[in-house]
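**Student:** Quick one: this structure, given as structure tokens, is what I'll be asking you about.
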């Protein structure tokens, strides 16, 4: 058997063994995709014992390409929500998550200086302790750029594997410990979160209001201050028994009922100006109007603003809200449409059908992947990651590398959505498949390279010490920030658990947090809020630590 055939066969075996290990769960908690790393270590040990020779060049290419696939698909997935998560609504959560990253970096630096841990080893421990595989890839690349021998670079994968298991278990232990310390009642926390979300959250709500302000009588909607912007949309108007779709020129009268869509604070302001909320239904049932959700799949409308499509003027149809990547938005007239946007349309059936034809509304297209944008994005990401940034006093130029470059480019492209007929939307199933393939390839190679000396290091070497160092890097930041978030910020426990899981980019921890109260979405929401920024910081941090430690000796 040729070296290439043998290498592919061994990688397939690693994937099978590793995925089997990852699927084994104890009380609902397992290693997940991290099991591939340990599958690689097991197979790598026996490959070394048998004296087999694998193609080192092929392993290197597969490792790097797997990492690129993984970080690129992550960026495409979270790109639409990344910049939104940095705004005020998620600012507090992101600040606490950033604090966890900073404290973790400080603990790593202290351990490195106190115990004189070799640079590749301490970076591997850091990456494993925070269960972040792209950090491992970024750290290995910067070490190679600094001229570190390959044997030392491979030690990073071994120390990563030592610290990884407690990285998984440590966050679960922290959640449990914080629950005991603060005597948390999970049911109460879930109710409080739901109450806060309903009353003051930044979610999109609807309300029916009667026009009671005499100053608004015979005034066009476009002349009513609260309705002439993009914060509140009036999607239906009922006068006596007639329900209609209003336009900006529609004149309102005292006693009219308006169906408004917007965020709670803006709807409250509308009540103050227009009149009181009423229980009267403005449902389209029994009328010649209907409400329908339509998906944007026509390349010809991508990038166009809602106002430029003139749906109200041409078809008498109003867009009441927009769902983008799972986030509900007010359909501002300045919003540019992206592939996969889901629009709530209100109008007559024939008019809605006409608008649907303009927008596309071809569900089958959502299951198709445009491969050209995928490779354009990956190519641009690799180029971005290869740009050197020279910092005075540093021994090597800083680069985003093959982990950071594709991630940043994917975040940007995911946010842009489309350029002409090229769109960077990727169906969730396709995104997940490519992401899982990438991480399996990467971890398989890392495990294979670490397997030869793993048992010796664990039994006769410093493996146990590395596990202890990793436990500190995992636990100290989580416990510190958890206590601060609960005591000072009075953060909801379920929200805090999601934030802690997101700060470690740890899906098993999110699954554990979700199971604390399966019907509450608090943990998942906070996890998604901090995940994009933290993933970026986790990739950059080992590079900064490597250059810092290298420069100060």
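Numbering starts at 1 and runs along the chain as it is shown here.
Glycine residues also receive a Cβ, built from the backbone N, Cα and C atoms like all the rest.
Just lifted these from Swiss-Prot, have a look:
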type	residues	note
DOMAIN	191-276	domain 'RCK C-terminal 1'
DOMAIN	279-361	domain 'RCK C-terminal 2'
TRANSMEM	4-24	transmembrane segment
TRANSMEM	28-48	transmembrane segment
TRANSMEM	65-85	transmembrane segment
TRANSMEM	95-115	transmembrane segment
TRANSMEM	158-178	transmembrane segment
TRANSMEM	371-391	transmembrane segment
TRANSMEM	393-413	transmembrane segment
TRANSMEM	439-459	transmembrane segment
TRANSMEM	464-484	transmembrane segment
TRANSMEM	493-513	transmembrane segment
TRANSMEM	533-553	transmembrane segment
**Student:** Kindly state the mean pLDDT of the domain 'RCK C-terminal 2' (279-361) in the predicted structure.
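**Tutor:** 86, rounded to a whole number.
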**Student:** Counting Cβ pairs closer than 8 Å, which of 4-24, 371-391, 439-459, 464-484 has the most of them with the transmembrane segment (158-178)?
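**Tutor:** The listed stretch sharing the most Cβ pairs with the transmembrane segment (158-178) is 464-484.
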**Student:** Where among 4-24, 371-391, 439-459, 533-553 do we find the most Cβ pairs under 8 Å to the transmembrane segment (493-513)?
**Tutor:** 533-553
**Student:** Which stretch, 371-391, 439-459, 533-553, tops the Cβ pairs under 8 Å count with the transmembrane segment (4-24)?
**Tutor:** 439-459
**Student:** Could you give me the DSSP helix, strand and coil counts for the domain 'RCK C-terminal 2' (279-361)?
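**Tutor:** Helix (H, G, I), strand (E, B), coil: 23 helix, 27 strand, 33 coil.
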**Student:** Tally of helix, strand and coil residues over the domain 'RCK C-terminal 1' (191-276) according to DSSP?
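**Tutor:** Across the domain 'RCK C-terminal 1' (191-276), the residues distribute as 27 helix, 27 strand, 32 coil.
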